[in-house]
Amino acid sequence: MDTAHFTFLILLVVLVFFEADSRRPSRRRRARNVKEGTIRLVGGKNTLEGNVEIFHLGIWGSICDDEWDITEANIACKILGFAKATRATSNSEFGKGKKKIWMDNLYCQGHEKSFQECRFDGWGVHDCAGSEAAGVECELAKNDTKLESLVAKKPAIIRSKLKEKDIEVRLLGGRYPSEGRVEVKIDGKWGLVCGDGWSLLEATVVCQQVEKGYGQAAVQSSFFGGHLDNITISGLKCTGREQNISECSYESMGSRVSCPGTDDNIAGVICAAELPDLVPDEVEIERSTYLEDRQLVFLQCAMEENCLASAAYKIDKNDYGYLYEQRRLLRFTARIGNIGTTDFRPFLPKHAWQWHMCHLHYHSMEVFAHFDIINLQGQKVAEGHKASFCLEDNNCLPGVEKKYACANYGDQGISVGCSDTYLHTVDCQWVDITDLAPGVYRFKVSINPEFKVAELNYDNNAAVCNLYYNAVSVRVFNCTLQRP
């Protein structure tokens, strides 16, 4: 081939490439066509499910699963044109989320038309990882033939026990015997577990089964090796009480199992022999609960931290007398003790703690406790939205020395044998019940409610009480310790 012929071929290839590229809309051009605040579902088996992503400043990003529940899930499904949500998912059930996380602690009332109308920490402000992406499973409206034709038929998922007999489990690829990727032996072959929805509850079962203690960390990564081609189980779900993972449920199992997300969505664990164990003082809750009517002029810091019910934020600030509007608060003291074998420490590094001007100290955990009022039908009708927490030793058993303090940028945590006390007089240590009708309810105070920090036992993390409210007074009684 002569030089002229070769040059002609090169020019022809370049022209064809540029012609094809000019007809293909660029990613940036496509992004310009997306409206600010648009949401989409990714990673699901069809258009009815997936992790929720939101579009902001020209970039798609994840929503963190902190505070994410069926209320926010319903809004997401309705925005997308579906009837409602059948389930709110967490722990990146449809694959690891994007590195860009736009929303955290999203809190909606249920009537909003977009997530921008809800309260959240601020665009890009979060304390989350890619393994904490929020997601949904939506449901079509009845007789919605228009959307039904666009949705791929999804086979019914029957969550069942893995086997009647015990299943062998091993850890491989770790730096120590107490960590590694999780491998299970099914039908005589070893395979991996998909990391979809993998949490500390599943990690706890695995660690106890391999006799390495308790689940300290649930890993969704190929850090310990492995490849998605060798996935044997996906959608594994445990309560944390099982003795063998054969007692857990699963979504799919076999030689060709679909695992959402990227190639590094592999389940792994880090086990530990010692962990903390937090327990709320249910007697103190019964003893300290009372009502207080307080004007908004005294609640400005609380409003900045989103500690009031949504109705308080709808009051027109330009109205005469706005600051003298009253809110009715259910106040109580929460005392949380550590009866475990090691100190309870926040999972965020110290440099990531947030300074709160109202309280004049750093907060180390965003989601440490939930305060919920639930009606007799099981529906949440009011909740306390305490933005974040400072953890310290307030009261200790005889012979135990206090170690943690919030003041002066001190180290935070709760020592073994000590308790952290949030007095009823503290801002946000309440539930705003201004719009609550008189009646009988359940009052639940949950500690570490989303199992973000590993513990020896999760069955004593919530104090669940009876609550009687007659519009003049309140009574909390018969509190028992349960799982959140």
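Glycine residues also receive a Cβ, built from the backbone N, Cα and C atoms like all the rest.
Just so you know, TrEMBL annotations never went through curation; they're auto-generated.
The feature signal peptide is assigned by TrEMBL to 1-22.
The domain 'SRCR' annotation in TrEMBL covers 39-139 (among others).
Look at TrEMBL and you will find Cys64-Cys128 (among others) tagged as disulfide bond. Sequence-distant contacts of Cys128 (disulfide bond), defined as residues of its own chain at least six apart whose C-beta falls under 8 angstroms from its C-beta, comprise Cys64, Asp65, Asp66, Ile101, Asp104.
In this structure, Cys138 (disulfide bond) is part of a beta strand by DSSP. The disulfide bond annotation in TrEMBL covers Cys77-Cys138 (among others).
Residues or ranges marked as disulfide bond in TrEMBL: Cys108-Cys118 (among others). In the shown protein chains, 22 other C-beta atoms lie within 10 A of the C-beta of Cys108 (disulfide bond). In the three-state DSSP assignment, the secondary structure recorded for Cys108 (disulfide bond) is coil.
In the predicted model, the domain 'SRCR' (169-272) has a mean pLDDT of 90. What TrEMBL records for 169-272 (among others) is domain 'SRCR'.
Among the features that TrEMBL reports, disulfide bond is placed at Cys238-Cys248 (among others).
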Sparsest Cβ surroundings (other CB atoms within 10 Å) among the disulfide-bonded residues Cys64, Cys77:
Cys77
Does DSSP give Cys238 (disulfide bond) helix, strand or coil?
coil
Quick one: what's DSSP say for Cys118 (disulfide bond), helix, strand or coil?
coil
How do the residues of the domain 'SRCR' (169-272) split into helix, strand and coil according to DSSP?
16 helix, 42 strand, 46 coil
Under 8 Å between C-beta atoms and at least six apart in sequence, can you list the same-chain neighbours of Cys238 (disulfide bond), or say none if there are none?
Leu201, Glu202, Thr204, Val205, Ile245, Glu247, Cys248, Ser249
Rounded to a whole angstrom, what is the C-alpha distance between Cys77 (disulfide bond) and Cys118 (disulfide bond)?
15
Can you grab the distance from Cys108 (disulfide bond) over to Cys138 (disulfide bond)? Cα atoms, rounded to a whole Å.
18
Counting other Cβ atoms within 10 Å of each residue's Cβ, which of the disulfide-bonded residues Cys118, Cys138, Cys248 comes out lowest?
Cys118
